[in-house]
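Undergrad: As annotated by TrEMBL, domain 'Plant heme peroxidase family profile' applies to 1-271. Under the heading site 'Transition state stabilizer', TrEMBL lists ARG11. TrEMBL lists HIS15 with the feature active site, proton acceptor. TrEMBL lists ASP16, VAL19, ASP23, SER25, GLU37 with the feature Ca(2+) 1 binding site. What TrEMBL lists as disulfide bond is CYS17-CYS22, CYS69-CYS267, CYS148-CYS175. The annotation substrate binding site is assigned in TrEMBL to PRO111. The heme b binding site annotation in TrEMBL covers HIS141. The Ca(2+) 2 binding site annotation in TrEMBL covers ASP191, THR194, ASP199.
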Amino acid sequence: MNMVTAVSWVRNLFHDCIVKSCDASLLLDSASGIISEKTSERSFGMRNFKYVNTIKAAVEAACPLTVSCADIVALSARDGLAILGGPSFEIKTGRKDSKQSYLADVKDSIPNHNDSMSLVLDRFQSIGIDVEGAVAILGAHSVGRVHCINLVHRLYPTVDPTLNPAYAEYLKGRCPTANPDPEAVLYARNDRETPMILDNYYYKNLLKNKGLLIIDQQLTSDPRTLPYVEKMAVDNGYFHQQLSRALILLSENNPLIADQGEIRKDCRYVNK
Ligand code: HEM
Ligand SMILES: [Ca+2]
Ligand SMILES: [Ca+2]
């Protein structure tokens, strides 16, 4: 199992479940009147969807039309977290898959990297995740990467004063120009200390002004969130416990009931 795939599974859970429901709406490809949520600019950098199809094909071969794509999203995120050294927890099953995609809702549901903390806290609150849970769930940024396109505005023309100057120099090395070529795949690791471990280095970094996205660093400048950052930075067990709680809430967001959904044969298309 590739660790990078595990990282993708964790991000899939957020991008699916916060848009309407944990219903695999994210996984639909553009086809027959559907425009994929994957085409949203919020989905920038998402990768490894092909492995969800591999899992689905194996599950269908063993037990047809029984395990939804939405359950695969939830269970693969759970397993991805454990593989990355994050918390282990039980997750409910029985989710149904959506019969449509919600591209038009993606931008309202998933905040932008430079939105205000109030907007982000409101978004999480609307799916039942409180401030403590919101601080923990952003700790998913303890793994993975950010492309330069999402960073350069903090480096050029002047360095964002909330960014650690030595770290800014390092990031300039990763992202040498103000206008990164979108084809060049320039990026920085989310957490330079333990890039592939889902641990509390994310919070230790924030306290040293080494947050990568504006939204990450704002956790230390907002008096509502700072106390939780400080506590998570010194207590990985507490971080994992809050992260589990928040991810379970996310994974149970607004489930489809009765015939609102189906069990897709192929996660990329609604059933014929
Ligand atoms: C306010 C909320 C959030 C915002 C604005 C946000 C934004 C972003 C951005 C801009 C990236 C970098 C994309 C790229 O340049 O390739 C990213 C990466 C990532 N995000 Fe978030 N995110 C948020 C919350 C979350 C949550 C709640 C999770 C999971 C529970 C999550 C998981 C990840 C992961 C794992 C990556 C790394 C992906 C990879 O390396 O392939 N994010 N996020
Ligand atoms: Ca969804
Ligand atoms: Ca880490």
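Residue numbering: from 1, along the chain as shown.
Cβ coordinates are placed from backbone N, Cα and C, and glycine is handled just like the others.
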Undergrad: With H, G and I counted as helix, E and B as strand and the rest as coil, say where DSSP puts ASP191 (Ca(2+) 2 binding site).
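TA: Once the DSSP labels are grouped into three classes, ASP191 (Ca(2+) 2 binding site) ends up as coil.
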Undergrad: Are there residues of the same chain, six or more positions away from HIS15 (active site, proton acceptor), whose CB falls under 8 angstroms from its CB, and which are they?
TA: LEU26, GLU37, ARG42, SER43, MET46, ILE110
Undergrad: What same-chain residues, at least 6 away in sequence, bring their CB to under 8 Å of the CB of CYS17 (disulfide bond)?
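TA: Set apart from CYS17 (disulfide bond) by at least 6 residues yet with Cβ under 8 Å, we have VAL73, ALA74, ILE127, LEU250, SER251, ASN253.
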Undergrad: Across all chains shown, how many C-beta atoms besides its own are within 10 angstroms of the C-beta of CYS175 (disulfide bond)?
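TA: There are 22 such Cβ atoms around CYS175 (disulfide bond).
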Undergrad: Which whole-number mean pLDDT does the model give the domain 'Plant heme peroxidase family profile' (1-271)?
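TA: Computed over the domain 'Plant heme peroxidase family profile' (1-271), the mean pLDDT is 96 on the 0 to 100 scale.
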Undergrad: Long-range neighbours only, meaning 6 or more apart in sequence with Cβ under 8 Å: which ones does ASP23 (Ca(2+) 1 binding site) have?
TA: ASP16, ALA70, ARG95, LYS96, ASP97, SER98, PRO255, LEU256, GLY261
Undergrad: I need the CA-to-CA distance for ASP191 (Ca(2+) 2 binding site) versus CYS22 (disulfide bond), whole Å please.
TA: 27
Undergrad: May I ask which of the recorded positions CYS17, GLU37, PRO111, CYS175, ASP191, CYS267 have a CB within less than 6 Å of any atom of ligand 3, listed in sequence order?
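TA: Result: ASP191.
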